[in-house]
Each structure stands twice: as structure tokens, then as C-alpha cells.
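Colleague: Quick one: the structure is below, and I'll ask about it shortly.
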Amino acid sequence: MSEVTVRQLADVVGTPVGRLLEQLREAGIGVDREDAAITEAQKLQLLRYLRHSHGASVEIATPKRITLNRRSHSEIQVNAGGGRSKTVNVEVRKKRTYIKRSAILEQERLAERQREEEEAQAGVQAQQEREARLIAEEEAKRQAAEEEAKRQAAEEEAKRQAAEEEAKRQAEAQVKRRLDVEKKPKNGLEPARTEKPASRKAKPRFRSEDRESEQKQRGTKFGRKELHIAPGKAGTSKRKKFRPQKAAPAAKHGFERPTAPIVHDVSIPETMTVAELAQKMSVKAAEVIKALMKLGIMATINQVLDQDTATIVVEEMGHKPKRLQENTLELELVQAEQEVSRQVSRAAVVTIMGHVDHGKTSLLDYIRRAKVATSEAGGITQHIGAYKVRSDKGEITFIDTPGHAAFTAMRARGAKVTDIVILVVAADDGAMPQTVEAIQHARAAGAPLVVAVNKIDRPDADPDRVKQELANHDVITEEWGGDTQFVNVSAKTGEGIDDLIEAILLQAEVMEIKVSAEGPARGVVIESRLDKGRGPVATILVQSGTLRKGDILLSGVETGRVRAMLTERGQEIIEAGPSTPVEILGLSGTPNAGDEAVVVPDERRAREIAGHRQAKEREVKLARQQSAKLENMFNEMEEGEIRALNLVIKADVQGSAEALSDSLTKLSTDKARVKVVAAGVGGINETDVNLAVASNAVIIGFNVRADAAARRLIAEKGIDLHYYSVIYNAIDEIKGALIGILDPEYREEIIGLARVDDVFRSPKLGAIAGCLVIEGSVRRNNPIRVLRDNIVVFEGQLESLRRFKDDVQEVRAGTECGIGVKDYKDVKVGDQIEVYERVRKEPAL
């Protein structure tokens, strides 16, 4: 097909017809219709134009190498033996490669050019080698000439020294001959000389030294070591040449000892080991341990020290401590928060506090129009709850706290996050211990008090008595010139409720509570629990900013994205503003009640801060373990005698677990102690049971139950499991169990006293004391004491008791009897025999 139309070519190359016509016009081909024909020459012209426009070579690339593969098949008949033939298929493969002549010529030209370059490079290299060789020869000649000149100078110096030595020897020889002539004896005889044989010298280290020593020992042919010199005076004329000594090289690593102690600036983190502290002060670890022992702390080289202890040690050793703050990430988080200038009023956070059973929850129920008190176990509040109430005059956020003594930490947390504290006091009961404690918490938090005198509908109500008792604790009503509002209310009839709300709103208006409603949210964890279906659930009171669904939340060491937010009524919301209590789903675990919750920009940053807090918490925990301290050594030695009751506590919420753990730990005494192995939130699972098995502990479930797998394991291992819903019952039963593990106590009671009037001898029993019972009664087989002059001389057992040769079990006062004491024969007249019995006494804590 030599000619094709424009449309056909566009279909083949896959381009629009209009685009192809435009490219043909740009290439100089006069075609402007879709059905116009295009020749092969026009196709090549278009291809050259496109190559040129794309930056490629205009020449059409042609293959430089062609490879042809050819296969042929045939069959041959092969004799298979036995008159049979076999057909074999034969395949012949042929491969031929044809190379374009121009490509071969190009390769030859490239090879020739490369060969010429190599030859030129070899010539240059040979020239450089020749020049280097000539330079080396000239240098060798110069060095040879210098050596020859040195050798000649040395020979001349040697000849001069030899001539001087020869002249010196001749002069000494003449002097020697003259002296010999003067000292020669008259008879002409010379006494024979005796020489000691020379001792063998040590082998020289070098051969040259060996040769020199041999030459010196050979001497002259006459056997003398020097010419014309007597052997005894051979060394007198020699003088050693003066040789200048080389100065000793200075020590490379030499240093001068400091004349005064060096004072270091020691940076101290929050926790560090003894070895790290010693390294920073440039001293040995033993010095630091010695300083710690002076402070009364037994430490090892790997002991973790807290910042305060390390600071004292550094100061004691004469250095300057510098405390390091490791909360850089925390400070960056605070600085990264958006500062919003617009401030808005928020609802007042009101905490209801008071003694147990004074009607706090009932009062809040009437305000909320709900029935929470009826659902509380035992009729007492054991959880901290947060509720938001809307009235005609404004919104109020209420926090209900438990009144029982075990929930002190809960009340303290409630007072910290509050603006106003409502102190509920029963009009018929007055101020009680938890009432006074609530006053102290409110003062510590700096929150104003509003006293609600409850139960005024009772006939024995006495509001004036309440005012008088509270005045003793510096809570004075406005009627008496104080600054505290007193409102008489009744949670049963609703009397005074409106006055109480009005008093709260008035107090909030005076305080002018304003915060920023924009920017990242910040709040505090009121309570947390582990829900079986939803996972960790935390009740958070938003204090500033706006918390939205999907935010990254950081609380203590737990992080997570807010998956859902629920109100106290179970309604799901998208966002929560200031003073709004919400339940949060999505955290990685249950945070501790009282932890601060803050929104972080990204998840990576949140995990980094949480990891840093977790490591810091672990280091602080290790630092607090003072197992090696001197004051704990004796306690550890005595622990073998102290009975311990191990407990594994699981509760529905974090606050209850904390309160129960603290209350049970306080039951410990010198005789028995309660050790909480673990306290957590959520149902009882297999992990808790295995922990109880390993530590021999009792499992306590507070408003939680064990799952099926845990129940099977409990039945298999025989673990003691107790369920409680009221904290009173848990404390009472654990107290009883603590008494049960103590050893029983025995008290000795004297039941009789007998006086020995005579002593008889019995062949069977030995000494028999004839006694008169003067007090009580004497019983057989009871333990006795023998008293002599009111001093105990023997303790033993009463073996026989007779009256007129008859064995009796008991002899009363005023009756005579015979008493045989077991294993004691030294009874004397006038002794007293005291009979007593051991009475078991129930132990007490």
C-alpha cells in the first residue's frame, strides 16, 4: 500500500485527524483534507520533521545488525533392533548474523583512534620516565660526591688523631723507661708478676662491639695491650673524650599537677546513676558512694539517684550543681498553643462536697431531675460524676464527689478543677469529719464556699447549730459578718433549691470566669474506666478551647484520636466547649484521674511526649525503690516475721481502684500488712488470675466480674475471689481476713496454788509433795510452776494427783493432796506449786 489517506494514517498512528493535518502543514506538505492521499516520500518528510522538532537525528535510524534464526524439521528412520525401526524427529537450528558494513568501518575507525591515543600517551609516559631517571642519576652522583668528601675528611681526622696518640705514647714510654732504670734492683733480678685470670665477659649484643672488644684484648705481639706501657699503668694515660649529651625529649603527655582543687559545673538531670554522677565530677565512683554513705544512703554503682540527692552530693564534694529541666517537650507543647485574645464567659464548675449520707447526690438529683442516688450501690456515691445543668438564668457544671473517708483523693481532685464548692451539711447531723476535710480541700484549691444546709424538712433539724459548728472552722455566714453564703435546702421537698442556684450564679458572676473558647482544647480527667465493648473511656472536663471529634488527645502517658464524644446523658456530640464534661473514646489506655488532657497538633508529637513521660515515670519509680537504704535493712530482716496478705484489685473506674487500694493498704500494722500486688480497671481476666497465682494473692472485684476463661482458671487453681459493690464491706472483710492470718495469742491464767507441807518418797514416782490447796483448784495434767521464796525454780507438768491413795482429777481449796511433779525431785517443804492453764485469745490488729 503505497498511498494512504490522512484519516487512515491518523488511525494507524493513533492521533486526531486535525492534529495530523496541522503537523503536515508545519512539515511543508500541502495536504488539507481528510481524504487526501499521502505518498511514502511525504511520510518520510513528516517523520524527519517530527524527529527534528523532538531534538533527534534527522536521519532515519536503520538497523546495524540483523540476526536470522532458521529452523528445519525432518524425520529419520533408525534401526531399533529385532527387525524394528524407530522414527526420530530431527530439528536443525541455524543462526546467521548480518552486520552492516558501515558499522564495521566505524568500529575500525574507533579502534584506530583509540590505538593512536594509547601510543601518544605511552610516548608521553616514556618521556616522563626518562626525565625522572636522569634526575635520579644526578641526585645519586651528588650524594656520592658528598659521601666521598665526608669520608676523606674523616680519614684526615683519623690520621691526625693517630699521630697525636703516637707522639703521646712515645713520650710516656720515655718516662717509663727512666723510672724503670731508677727502680731496678741491684742484683738485677725482677720479681715475677702474678696476674689473675680475666673473667669471661658477657657476650656483646652486636657483632661490631664483639670485634672491637677482640681487637682491644689482642694488644701487641709482645702480649701487652699498649706499647711501652706497663700493664699496671695501662689505663692511667687515657682520658675520656667529652661527648655532649643529648637533652631528654619532653614527655608528650606530661601535665602539671593542679595546686588547687578543680571545681566542675555538674549538670544534674531528674534521675541519674552513681556512675554517671562520678563521671561528670571526674572522680571515682567509690568517692561518690563514700559521700552517700556519709549522708546515710547505702548505694551501689548502678543505683539511680533523684535530682535532690544528686544535688546534695555534688555540693558536699565541692562542685557546683546545675539542675536540668527535662520537660523541654512539655514547654514546647505549651508554647505551640495558639494564643487567642478573645475571652468568653464560661459556665461555673461547681463541686458538691460533704460528709457521707448528708444528701449530696439527692440534692444534685433534684436539680438535674434525675434519680442517680437510687442506682448507687449501698445508697452512697462511690464515683466522681460530672453533669451540666441548664436553667433559665444560666448553665452550671456540677461535679459530685464521694463523701466516704476512703475517697479523699477523689475529693481533692474535684476541688482542684472547681470554681465554687457547695458544702452540703445535714441540719440534723452537723459538721462531721469529711465536712472538715472538704473545707480544707476547698481552701487548698482557693475556691469559695457556698454552704447548703440540707434536710431542713426533718423535725430535729437545727440550722443554727450547723452555723455554730462551721464557725468553729472559720466558715462564717454573711448574717454574722462573714463571707460565706448559707442556704437552707431540702433535697426531698425541693425547698430552697432555686435560692441555691441563684447563690451559685451570683458567686460566679462576681468571679467573672472567662476563658478562651478557640484554639486547642485543654482539660482534666475526672474519671476513667475500661468498657468491655468500647475500650478505654475517660470522663474529661474541658477547661479551655474547643474539643472536636477527630482531635489528637494526650493525657498523661496515654494518647489517641477522639473517636466519639458523649454527654452525661449518653448523647453523641461533635464538639465540646469550656466547662463541658464529656466521655471520650479512642485513647490507648485508661489515664489516671487528675491527669491533664491537651490536644496535640500531630500524632507523632503526641507519641513522642507520651513515651518521654513514660520513661520519666519509670525512672522516678526506680529511684523511689530504696531497697538498699540503711533504714530499710532492718525492716527487710523483720519482714520474715510479719504476715502479709497479697491482693489483686480490679475496679470499674480508676478512682475507685485508687481509693480501695489506699484504704486497704492503711489496714497494715506491725503484725500483718496488706500488699496490693496490682490495681487496675476493667473486668477480671486470665492475666489477673495468673498474677494472683504467682503472688499467692486474693482477687477483689469492685463492681466488676470475671470472664468465663478467668472463672475456669480460678476454679482450677483454687484462687480466692471476692466481689464487692460497697467499699465498706470490702474494708471490713479484708480486715477480718488480715486478723485470720495472724497466729493465735495465748494468755496464762492461774487456777490454783498449793503449799508443800511435807515430802514423801515413793518407789514408783519418786518425791511426792504433801500439799494443802490454799487458792483455787489443782487439776491434773495442767502445767505448773514451783516457787521457792516467790521465785520460779521449775516449770513443768503435774504428773500425779492423789487424795488418800486415790487418783483424782481435781482438788479444791482447803483440801490436802499429794502432788507428783514430772521430772523434778527437788521439792522442799515450804515451796509453793502454782497451777495455770493457757487460754486462747483472738488476735487483734
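Backbone N, Cα and C atoms are what each Cβ position is placed from, and that goes for glycine too.
Okay, these came from Swiss-Prot:
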type: COMPBIAS; residues: 139-198; note: compositional bias 'Basic and acidic residues'
type: REGION; residues: 139-253; note: region 'Disordered'
type: COMPBIAS; residues: 206-228; note: compositional bias 'Basic and acidic residues'
type: DOMAIN; residues: 345-512; note: domain 'tr-type G'
type: REGION; residues: 354-361; note: region 'G1'
type: BINDING; residues: 354-361, 400-404, 454-457; note: GTP binding site
type: REGION; residues: 379-383; note: region 'G2'
type: REGION; residues: 400-403; note: region 'G3'
type: REGION; residues: 454-457; note: region 'G4'
Colleague: May I ask you to report the DSSP-based helix, strand or coil state of Ile456 (GTP binding site)?
Modeller: coil
Colleague: What number of additional C-beta atoms lies within 10 angstroms of the C-beta atom of Lys360 (GTP binding site)?
Modeller: 29
Colleague: Work out, from DSSP, the number of helix, strand and coil residues along the region 'G1' (354-361).
Modeller: 2 helix, 1 strand, 5 coil
Colleague: Tally every other Cβ atom lying within 10 Å of the Cβ atom of Gly354 (GTP binding site).
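Modeller: Within a 10 Å radius of the Cβ of Gly354 (GTP binding site) lie 27 other Cβ atoms.
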Colleague: Using the structure shown, find which entry in Asp357, Ile456 (the binding-site residues) has the sparsest Cβ neighbourhood within 10 Å.
Modeller: Asp357
